[in-house]
Amino acid sequence: MANRIPVIAVTPGEPAGIGPDVVIKLCQQALSTQVVAIADPTLLADRAARLGLPLELKEYDATTNRANNAQELFYVPVSLAAKVEVGKLNPANGRYILNTLDIAIDGCMSKRFDAMVTAPVHKGVINDAGVPFSGHTEYLAERSNTEKVVMMLATEGLRVALVTTHLPLAQVPAAITPHTLEQVIKILHKDLHDRFGVEQPLIKVCGLNPHAGESGHMGREEIDVITPTLNRLNASGFTLEGPLPADTVFTPKHMANADTILAMYHDQGLPVLKYKGFHNAVNITLGLPFIRTSVDHGTALDIAGTGTADHHSLAYALNQAVLMCKNTV
Ligand SMILES: NC(=O)C1=CN([C@@H]2O[C@H](COP(=O)(O)OP(=O)(O)OC[C@H]3O[C@@H](n4cnc5c(N)ncnc54)[C@H](O)[C@@H]3O)[C@@H](O)[C@H]2O)C=CC1
Ligand SMILES: NCC(=O)COP(=O)(O)O
């Protein structure tokens, strides 16, 4: 991309939520890259008016490669199916949300876009629209024919990756197999090395059970699955520590030299990350054939359209995507 600045597709996500708000807030200042919203322009114009913020919308034309000026937003038009009532979910717009994602994914795969940055979607309403959907992470993997991806969230001083993502807690133990664990660790190691410049990543791996199973008295997954997998990978050149009790791995001593903590499931790792860095964190999908980052928050229907949504996680996600495009993270 010699003299070209990165072109980043931004999907505003659930139209009734704060996604459009944070995109519009982000665009109030001049940007260092070209940001293209994949959205219905009437949604953006209506939300900007509601927020009382100026916004000049320009249909994206690939021949123009320049950074957004303040209060300017490029867009690729996608039509909403139903009028948006701010703060109220409507399954009629479920397909619209997926259409915006599809355009961003196809654009990244074809190199029309250099990366995609996503604002939050509401997983439930897409299911209510009749499409099984558990999250961007899984959807992007499926849509790009990628067998395995890894969700990693990062904030200043802490990165947390997950072995399992959006599945019922009761299904977690069976989903942690030697094969899956190995796939996740290999993707994590590779991307920490290739994209984040960590020469020999030290990955600290949580146990699944309290006290990492307390020598088998509180569960056997550590003995049967996690330890043998870590031993095997360590013998082939990885630097893995664990399984460590999840209640002590997130202490300063452990975190000080860890390049990433690998949690076994969503709510083992993400509450800690959000406690430390909510609004200043990014969600990155590792292992995809293109760059995707996202915000650290959800649709926040309770504050959509009020002007109080904090847009700093979106700014963080955008900066992270640009750094990854330039391979200078
Ligand atoms: N990347 C994505 O697409 C994500 C989507 N979600 C989805 O969002 C929906 C709602 O999830 P919740 O658990 O309620 O989490 P949430 O993040 O939407 O809201 C939790 C609390 O944080 C506040 N909040 C969230 N973002 C904020 C912001 N930028 N500025 C100020 N306050 C903010 C909300 O007002 C609420 O009080 C769910 O359907 C969930 O699946 C959740 C996380 C990420
Ligand atoms: N808690 C993170 C989250 O739900 C985001 O998931 P995804 O939509 O990025 O897969």
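Glycine is treated like the rest: Cβ placed from N, Cα and C.
Keep in mind that TrEMBL annotations are predicted by a computer and have not been checked by a curator.
The annotation in TrEMBL ties HIS211, HIS266 to divalent metal cation, and of the candidates under consideration, HIS122, HIS136, HIS166, HIS312, the one tied to the same site is HIS166. The maximal spread of the substrate binding site, taken as the longest Cα to Cα distance among HIS136, THR137, LYS274, ASN283, ARG292, is 19 Å. Within 10 Å of the C-beta of HIS166 (divalent metal cation binding site) there are 15 other C-beta atoms, taking all protein chains into account. Across the structure, LYS274 (substrate binding site) and HIS266 (divalent metal cation binding site) place their CA atoms 12 angstrom apart.
Taken residue by residue with DSSP, HIS136 (substrate binding site) is part of a helix.
Summary: among the binding-site residues (HIS136, LYS274, ARG292), the fewest other C-beta atoms within 10 A of the C-beta are counted at LYS274. Taking a Cβ distance under 6 Å to any atom of ligand 2 as the criterion, the binding-site residues HIS136, THR137, HIS211, LYS274, ASN283 reduce to HIS136, THR137, ASN283. Here the Cα atom of HIS166 (divalent metal cation binding site) is found 9 Å from that of THR137 (substrate binding site).
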